[in-house]
Structure formats: C-alpha cells, structure tokens
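Data block below; observations after.
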Amino acid sequence: MYQASSQYSNDLLANPDYQGHLVTGSRAAVAVEVDVCSGTGVDVLKQGGNAVDAAIASALCIGVIDNFATGTGGFMLIRSPNGTFEFIDFRETAPAAAHRDMYNNDPDLAKYGGLAVGVPGEIRGFQLAHERHGKLPWATLFEPAIRIARDGFLTTPLLEERIKASLPWILESPEWVEVYAPNGTLAKAGDLIRRPTLANTLETIAIEGPDTFYTGRIAEHLVNTTRAAGGILTMDDMRSYEALIRPTVSTYYHGRKVTTCSAPTSGPMLISVLNILEQFNLRVEGLVGVNLHRLIESLKYGFAFRTEMGDPEFTKNQERLDQLITKTWADRVRRNISDSTTHDPLYYQPKFDHVDSHGTMHLSVVDEDDGAVALTSTVNLLFGAHIMDAATGVILNDEMDDFSIPGKPNAFGLYPSAYNYVAPKKRPLSSITPTIVERNGVFEMALGASGGSMIPTATLTVST
C-alpha cells in the first residue's frame, strides 16, 4: 500500500479547511501540502520510480499550485537504499553584479522588484538529483505538473488566503490578473485556475532538457523581465549557475541518528540544539514544565550560533562551525542553562543580529526500498518579488531579501551578520532544515517544515 498525505502551515491549522489528514501505508509514502501533489508522487512510485523521482514530480506539481511559496530554489537531502546520504544545494545565488551595499538606502528593494531576484536554482538541482539517482525518464516527471497547469486545478483554501493577502498589487498587473482573477474577481476556494503559459514552459524543459531554462529562450525571457523591473540578472548569471553537492551533518539523539544538511541551511543549528537537549530527558517527561523552558533556552543558544553561519564558500569559518555541533560544546552550553532563570539575548553570545526568513514548501518521500527524500523549496516572501514573466508564467523569487543588509545595530547593540552580506554569486543563509532520522541503520522518518524562521524550531520539536 502506498501513502499520500497533505499538510498546511501552522498559522492556519485552527481552521478545519486547512487541516491535512492522516493516512497509513506499508510500502511507501509521499507527504506534500496539497493532496493532488501527494498523489502525483505516489503515481510516480507506482510507475517504478524511486523517492527522488517522486520528490521531483511532487515538487513540480506544488510549484504549479502553491507558487506563492515555492518553485525557484532550495535544498534536497537524499537517503539511498544502501543508507548513504547526499545533500544537494540548489539555493538561489546573487547575480554577479550584486554587492554588499546595494540595499542600504532602500531595504525594500531586496523584497520587491527586479533587484530582489536571485539566480533560480531549482531546475539545475532537479537535474543533478535525477542524473545521480533517478530511474524514470526526465520528461515523465514533468507530465503531471504540465497536465495540472494546462487543465487546471481547484483553488485551495490556503491559496485563497494567500491571494487575498496580496491585495492590491496582484490586481495591478495583467499577468497576475489573467491567472488569479480571469473573470474580474479573485479566485476563491474551489474555483478552477489554469496556467497554460507555465504548462508550455514546463513542457519545453521536459522535452528540451534543463539547459533551455538556463541558456535558451526561457532564460532570455526571465532575464529580460527581471531587468525591465530594475534588476541586474544576466544571461551569464543563468549560464553559470551550478547546483552543488555539500556535506551532510549528523548526530545521535537517544540512539537515533539524525542527519541533516550543512550550511547554508540551518541544519547545523538543529544538530547543536539536539546535542544540548539530549541530557534533559525530554522524550520521557515530554515538552511540559521545566522541559519547555529548557527547550527554549537551548534554542536561544542555537539561534545565537546561527548568526555565525552563511554560504561556506564565503564565510571561511568551518572549523568554528564544526566545533559548535560537537557534544563537547553542547556540554559546556548545558551548564549555563538554569532551570529557574532566563536572560537577555546577549547572554547566549550571538555574534550578530538574527535575520528572519520567510515562507517555503516542504515535502517528504520514502519508497519501498527505504530510499527517502526531504526536500524544501522556496521563493522567499509571498509570491516572491511580485514579478511574473508573461512569456513563461514563471514567478520570480525575492531571495536577495535573505541576505543581511549592513546598517544600524539592533536594541542589543548587535549588527547584521557580516557572514551573510550580499556578494556576487553568494547563496544567502536559509532557515530550511531537511532532515532524515534512522534507528539502528533503518529509515524512520523524513521531515522538514515551512514557515521561515520557525522551520528549525518545528523540525526540532518533531525530531525530539
């Protein structure tokens, strides 16, 4: 039996319209925030695909439907059936013309408009994952998303809320109106939405391959649209983008091996906090009373540690980061946690101010051979940079907002993190934390979260 499940962001769970549902199975499972995309992954598994195939197909599907949160870049943690792990980084990068002080006079330029757009990495990431791990043909993985975009899908309650939250700007552009208000009124839950232009784009990538997105006419359209909106993206930026294979990081927590991704994700923060919490016996006593206090105090240290993280190609502090995920460091920190006292932020020794990040999409897949994928993708803020390319239907990200902007210190005298300043071809620090847990070498669960800066805390809570 195969399993398909759905999930929604925690800010909407109080409303029954947004609640997912629990299903069980014995062979494989796919969990995505929209049922039809969970079903897409299951169908791929039934066709003989593996967890990587199913994850790519499901991610393409959710990129059509919940494009307010996903579709241009992220991270994928892969567990092969033989128990080995691989971390693929397809995070967006800053264009080559980007520089540290480009948003000093107007930080909103990092959020909306052409200057907010980073080089998209998702298609290159999927290409790398498929070349190394996929079983089904590349084009087969695109077929469900193409069909859904062309034939249409029902507006979900979550999408309706996100569209409403985008007033009034979403009605000020014909590209957006054509998709989300074709009859003059905004789409509501249950209304049919079609995205034929995006379907054509996906079909082109499926048939011609990933290069058309980075070196062909699709890339030209994206560059032209971004530059028309004041951006600095170039064809050279698109051509030179590479998805990367990076090291994983792991720890043992009460006998279970927890594996996650290294920087620029927040995986190292997760490992450091798990190491702190291990001696507090949360699994026996639960997250109540003093244990809840211990969790919060441990997370404060974790977020302080996170201020020293960034793109490892630029931070050059790997020895320090390696130290902070050791049991020895956790033992020292634990001695500073009092069961009866909390402290001001400087007590936890952050080096810099904390930068909030924003919405995402997470999906998890396990196949019948215990191959598994934890994949998180994002466009950053709601509907990214608020730019839709009319020729391709692609919504452009605003990932440049995830960089730190030099400026004034916060109320505690902490300046924005120099480790996360903008630089050409640099990847911004992310809250994303794809994670896979094993017990005695056997797969137990694949997990992650959406919700920006709440991702590490949510993933940690499930992990414990």
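Cβ atoms here come from the backbone N, Cα and C positions, even for glycine.
Binding site for L-glutamate per TrEMBL: Arg91, Thr378, Val379, Asn380, Asp402, Ser430, Ser431, plus Gly452 from the candidate set Gly113, Gly114, Gly452. The Cβ neighbour count for Gly452 (L-glutamate binding site), using a 10 Å radius and every protein chain shown, is 18. Each residue contributes its Cα atom, and for Asn380 (L-glutamate binding site) and Thr360 (active site, nucleophile) those atoms are 7 Å apart.
According to DSSP, Ser431 (L-glutamate binding site) is assigned to coil rather than to any helix or strand. Residue pair Thr360 (active site, nucleophile) / Gly452 (L-glutamate binding site) shows a Cα separation of 7 Å. Comparing the binding-site residues Thr378, Ser431 by how many other C-beta atoms lie within 10 angstroms of each C-beta, the top residue is Thr378.
Long-range Cβ neighbours of Arg91 (L-glutamate binding site) (same chain, at least 6 residues apart, Cβ-Cβ under 8 Å): Gly73, Gly74, Phe75, Gly121, Pro264, Glu399, Arg427, Pro428, Ser430.
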